[in-house]
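> Sharing a structure below in structure tokens format, with a few things to ask.
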Ligand SMILES: Cc1cc2nc3c(=O)[nH]c(=O)nc-3n(C[C@H](O)[C@H](O)[C@H](O)COP(=O)(O)OP(=O)(O)OC[C@H]3O[C@@H](n4cnc5c(N)ncnc54)[C@H](O)[C@@H]3O)c2cc1C
């Protein structure tokens, strides 16, 4: 409800408002490799968010109407039935969503209903960029510096305090269930970093806990590369991705924290990360469908292999490289993985296995609870060397990374319990240990834990 440009504009005009959400079957189909387009973690999160939204709208004297079907097919009848004058929606960036917007606009026009779209999602409004979006700098630092110097972040819109809603007799429609969406209830893992619950209420509660109760913002820069526990990073991403919390609202809360508690490098760094998020959105807007191409935004495609058996071992966390396996198992069991983990497993897939990076991006798209089309494909392009990384041939030396970020092996011990007996850093490289040591700890490589798929580059 907060910082919702279409809703606030309608409220501000004292217009009658009828909020609608369409459950579009295209979001629940399958894609590359037969993967569900929306996996059950994200679908559950969406259902929770709809429930929360309905309750919030009821509090404002309104209702959330749920329609099933393609918006361009189901909206016109609905608009006619409620005699709508205008349809307000928020503007999207990537091609599938933009195609739906265009189809909806055409259908609304035929039904005699005006449409108006609103830019939201980003910290910097697209109209306030200091360059045309088509000239967004390819290097992040340049993008950030220009935005910081020449643009201002607009204030977040407040949430309306009540809505003018004279539609009590219009059928409201049921909130979907996972079964209706063709998905199974995911098991809630007690090993995950956080139990993510969809909706604006849980999003605001998470900010309250992370910033104000646990006072973590002042140490964010030092903790953000962590792997275990709720508070090494904000965990705002699933709520940001679905629009349950706005980046401008977070920005304002950072400013308030800086005034009331502490201002330091860490408080700035959270905003810095939100600028990364903006950057990938404007890069996607600039490059269109290229972000989904094998060669990305580079002129030539390199040679990539498409080996499903190798890919599957990566997916299942059975590569024989404990740091990779721990991260992949966390993702499969919870729908979440840290930023450090994402960089490492992505690099392993593209640099060590040389597998088509789009397979990895598609798997993330399916499973991530915080899937965001621009952040996901932008980051994957970046790691795969076909995007905006100014450094050529960036390579994450997994064992070195494991040494820097999980030196005692606690993270691997958490997710790869079959190796738990191995002490300290030894757990990161069972393949380098003498047979006698492995035997002493009851580890059988090729038995209950696999041999490594590739020989790791010995940088550690
Ligand atoms: C291969 C790969 C795929 C990724 N896919 C996604 C995705 O689908 N959705 C997604 O939200 N993030 C994605 N990220 C970015 C990042 O890993 C997550 O945003 C972050 O781990 C979420 O945890 P957090 O909210 O605790 O982050 P924090 O560290 O607390 O950061 C705060 C916010 O800043 C933004 N942010 C932080 N890092 C990045 C980044 N590298 N790129 C863009 N935004 C960032 C996020 O919105 C995040 O919630 C991906 C990164 C990689 C390397």
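Every residue gets a Cβ built from N, Cα and C, even glycine.
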> Pick from 220, 251, 257: which one does TrEMBL list with 233, 234, 235, 236, 237, 370, 371, 372 for the same FAD site?
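For the FAD site that includes 233, 234, 235, 236, 237, 370, 371, 372, TrEMBL also lists 220.
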> Return only the integer: C-alpha distance in Å from residue 372 (FAD binding site) to residue 357 (site 'Electron transfer via tryptophanyl radical').
17
> Round to a whole number and give the Cα-to-Cα distance in Å for the pair residue 370 (FAD binding site) and residue 380 (site 'Electron transfer via tryptophanyl radical').
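On Cα coordinates alone, these residues lie 15 Å apart.
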> With the Cβ under 6 Å from ligand 1 as the test, give me the qualifying entries from the binding-site residues 220, 234, 370.
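What lies within reach of ligand 1, judged by Cβ under 6 Å, is 234, 370.
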> Just to confirm my parser: what is the rounded mean pLDDT across the domain 'Photolyase/cryptochrome alpha/beta' (1-123)?
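Averaged over the domain 'Photolyase/cryptochrome alpha/beta' (1-123), the predicted model reaches a pLDDT of 97.
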> What subset of the recorded positions 220, 234, 236, 304, 380 lies within 10 angstroms of residue 357 (site 'Electron transfer via tryptophanyl radical'), using C-alpha positions?
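So the list is 304, 380.
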> According to DSSP, folded down to helix, strand and coil, what is residue 357 (site 'Electron transfer via tryptophanyl radical')?
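For residue 357 (site 'Electron transfer via tryptophanyl radical') - judged by DSSP and reduced to three states - the answer is helix.
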> Is it possible to list how many residues within the domain 'Photolyase/cryptochrome alpha/beta' (1-123) are helical, extended or coil according to DSSP?
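Summed by class, the stretch gives 62 helix, 21 strand, 40 coil.
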